[in-house]
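Asks: Handing you a structure now.
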Amino acid sequence: MKKRGHNVELMEPLNFLTRTTEELLFFLHRKKTEISCIEQPHRLLTQLRDHDLVPEKLFDNVKKMRSREQKEKGIYEVLDWVEKNKPQYMHQFWRCVFEDHILQLYPTLRTLRNSLLDGTFKFDEKRPDVETPAEEEKSEGKAEKGKEKNYKRKRSKDDRSTEENVDPDLSSASTPSRKKPGKQPPFSSLVKKGDKQEIWKWPIYKTHLPVTCGDKEGTLCRDKMPRGEKCILSQGHWFTLNDFEKFAGKEKCKNWKLSICCRNTPLMKLIEEEHLQCPPMERRKRTCVQKNMNKLFTVSSSESSSEDSETSSSSVEESDAENFQEQGWRGGRTEIRGRVEEEEEDVADLSVFQAPSLPVTCVSLTGTLYKYRFATGIFGKCIRTEEKWFSPEEFVKQEPTLTDGHWKKDILCHGKMLNFLIKKKILCEHLPLCDCQNCSIKKEDLMAQNNDDECYICDSEEADLVCCDECPRAFHSQCHLPAVHGDSPGEWICTFCVFRNSQQWRVSSNMSEQEALDAPVSQYRLHCHYLLLCVYREDIQKVFVEDPRQTVPRYSEFISQPMWLDRIKQKLESGEYQTVRAFVSDFQLIFSNCRTFNRDNVFGRMGARLKKMFEEEFKKIFSIQ
């Protein structure tokens, strides 16, 4: 029998939280600025507030902020407050920040988590603030003589606040930038010409840059831009550079290099200084359209040659604007508008994917995908059927009509491929080096994925769970019927599987309803256990489980003979029922009392649905025609 302890956290892929509190506090100290730059931080703030890590007053102050600069400054103040006032709760803080539903919204936080997982963040580096003033003065005297007096004065200003963080990767102790006083927060939107702290040079922006166009904000993926792909993420969907300009209402500019900026600096400047690479596909497209335009307009050979030389030397951007306009005349504008509208429709439809579990299909197969279990195609058994848990690749292989299926394309959710859910960050693929339990190849972790993480009866994961060896169900020992006591040797099979197996070898013989009711409970105890477990399972809100006189006011004034499920369970296990009729009559008493007390309100309708399910299951298990 497999028994899963409560201390096994299947939903917690954060083994790196074995780090000490001091190390995690240092990690927060280094990454406050980076976290403060995330877009739409409300969900993260709500998560911290709900876990009592941020005071309500501070939460309300940030919630009232409207501009991006205000929000970035507010988030930084929140994180600084946590660092100063909640250092003992660092493990809880990072657990909240790195929960799956938070990581799906914020790529920056996924990058931070990965830096802990793959060891790229170094905890053993020397921290600037551990030196004494005497040591600082001595080291500065060795590094740069003649500037000691000026530097000492600037340090005295910085020491008044612990809010200033300088990443050691950005500068070293011997560079002038280290000495520069940083009264302005690093998330200021104004970048001065010649400033040595341009954010596109910072290591934290090595792969992504914040960009704006008009009133639209987005994140530029630096790796995708040279390939001519959709490289700007804004409001949940990806744009090409031209499309983002359109989306921002700046199509009249006809030049994304000037209209799209990074901290008020046009992308043209970053391309000229070789901080960004221009998409090669656009250059080829410009050449092609230019040739077409030369064919459309009649010009002399001399004019043509001079025009070609001018274009090659100084009119690249003008030709780009003309080409864009020409494409608009030929229907390009309609196509771009169509793509934007299509992506906006996708965003509108994303609400159906917000649930923690999603229905999936693969041709004739059906199952339920649980987001928190998803890791990759191979790892993470995240799709549950009635018979088993499967990884996405295993699920596809169960479909007999697919000989060469691929899980990203062949598994559908609400009509969308899983590849679409991954692109929209609804599902988060784990890195190859991930060492969470979903990606683990340890025998005990793989076995744990074969069963549910919650009790099949009460939907709670508290306390130990006993796992069935034939189906994916798991139970609390007292929720199952009969109750499971202690560790049993060998395999253990739940009542649902035992009943299903017994129906396969039992000789089918139809019974009348009277014969079933008059049958002794001793011969049909398995049927009674199965029936009672089905009702427990169906009573999702646990309305009929406990004595209603203890929870419902004035119940005794209207109901003289109360009955509830726990009472039926007690009578069944103690042998008080002699016949199936007596067992069934107590269920009918529950339904009758419910109808009398609640009539046609929500609880009355709930009781009617439970009564219908009970009667159908009763006829099915006793083969009543």
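Cβ from N, Cα, C; glycine included.
As annotated in TrEMBL:
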DOMAIN    5-121  domain 'HSR'
REGION    127-192  region 'Disordered'
COMPBIAS  127-149  compositional bias 'Basic and acidic residues'
DOMAIN    209-277  domain 'SAND'
REGION    299-333  region 'Disordered'
DOMAIN    345-428  domain 'SAND'
DOMAIN    452-500  domain 'PHD-type'
DOMAIN    547-605  domain 'Bromo'
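Give me the local environment of each listed feature.
Replies: Counting residues of the domain 'SAND' (345-428) by DSSP class, helix then strand then coil, yields 28 helix, 20 strand, 36 coil.
Summarised by DSSP class, the composition of the domain 'PHD-type' (452-500) is 6 helix, 5 strand, 38 coil.
Per-residue confidence over the domain 'Bromo' (547-605) averages out at a pLDDT of 93.
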Asks: What stretch, picked from 209-277, 345-428, 547-605, has the most CB pairs under 8 A with the domain 'PHD-type' (452-500)?
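Replies: Top-ranked stretch among 209-277, 345-428, 547-605: 345-428.
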Asks: When each of 209-277, 345-428, 547-605 is checked against the domain 'HSR' (5-121) for Cβ pairs under 8 Å, which one has the most?
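Replies: Stretch with maximum Cβ contacts: 345-428.
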